[in-house]
Amino acid sequence: MKMSKYNRFEKHRLKRQNKKEKRSKRKKIFKIGILVILLAAVVSVGVFVVMQKGQVKPKKELLIDQKLNLLVSGVDALQKGANRSDFIAVVSLDLESGNIGVLSLPRDTRVKIPGEEGYHKLNSAYAYGGIELLKETVKNNFKVPIDYYINTDFIGFKDIINTLGGVEVDVEKDLKYIDQAGGLYIDIPAGKQVLNGQEALEYIRFRHDKLGDIGRIQRQQKFLKAVVDKVSTPKIILKLPKLSKHLFDNIETDVPLTKGFKLATNLAGMFKNMNKDKIKMKTLPGEPRYIDGISYWVPNRWKSEAVIAKLIRSKEYLANSKLKIVVLNGSGQKGVANQIGDILSQSGYKVVKIGNANGFNYSRTQILFRPEFESEAKSLADYLDGKAITWENINSNLDAQNKVDIKIILGKNLNGS
């Protein structure tokens, strides 16, 4: 029997209530931890500009994992009822190279939510179970490792932007929209201008054009780059006392205090020589589609996997480049080998051959591998819903002579939707 919307909310409400006392004791520690993190990110550039370069040389050894993935969420707390997340992104920090990857997830993305039946919009996860359920939903649907979350609301966003003195943005076109029932009035002219907190909020929320939510994500990414420009000046130091208060009051996170201080130390070194070219932003590939009368953003499985592999799992991307792979069509589906080969190439693999198998009667995808690449083959088998088979069981002298590491034979079970 299908659970009613009320019962879904009640189920998750009771779950959150059971955790409330424990979380309240940790909340202050969490806030202090993230405050240190964000202040390090904002301040370190200015601090190191003021300091004489070369006098202080931090230890090269990293105090925490060199790769850190954060789920960042902005909650539309201005609307009544159960809040939904209006901004969702995975931010990947490579503390060794200084690279930052930002993957924006459209709020209408069609996903499965843990504990719920069928498919839902991604931002419904927050309404059902808060930031923790949203975190689990992102991890489960996109196979993305999430270390911690950072959650804020738009009231806090406005305060922070106002404290920065506004942010300069070249608005691409006139943005006009009126929603009297929702109390939303947007009227921003085109052109370069400094947006205050309220105007900035309206800019990143606007979605009433042909591009809809995707256009809004593009504006959010554009605004984020403008914020990086704003905080990359020594003057930001003068705003620290007020900025720290807004950060403390309006941010929720599960970053432990001990990790927070260690992360701050590493971020200080990372942001010392921050270059905007090191920040890469992408939107989850897909297409808008109506399903059962509901408008969704439906991810393209293969393109999404390629973007996630390169943007979020950059370490795996570099490791993949060592592997030589053959991709063969064993299903008879036209163009499938070229499609998968292209996606694997974008994910860092060296695809040395694409072609047809010795027949089109393979019901399930097979991953043939040399013994030393067992873990990589099993990862590909999980991704392609295939079966990993060791190389000794395969009679393929030609591939062995060419030193191919993994051979993929695509079966009829492969579904790229």
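Including glycine, each Cβ sits where the backbone N, Cα and C put it.
Source: prediction; values computed, not measured.
What TrEMBL records for 10-22 is compositional bias 'Basic residues'.
The annotation domain 'Cell envelope-related transcriptional attenuator' is assigned in TrEMBL to 84-232.
Here TrEMBL flags 323-412 as domain 'LytR/CpsA/Psr regulator C-terminal'. The DSSP breakdown of the domain 'LytR/CpsA/Psr regulator C-terminal' (323-412) into helical (H, G, I), extended (E, B) and coil residues amounts to 32 helix, 26 strand, 32 coil.
The annotation region 'Disordered' is assigned in TrEMBL to 1-22.
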Secondary structure tally of the domain 'Cell envelope-related transcriptional attenuator' (84-232) (DSSP, helix then strand then coil): 58 helix, 46 strand, 45 coil
Integer average pLDDT (0 to 100) for the domain 'Cell envelope-related transcriptional attenuator' (84-232): 88
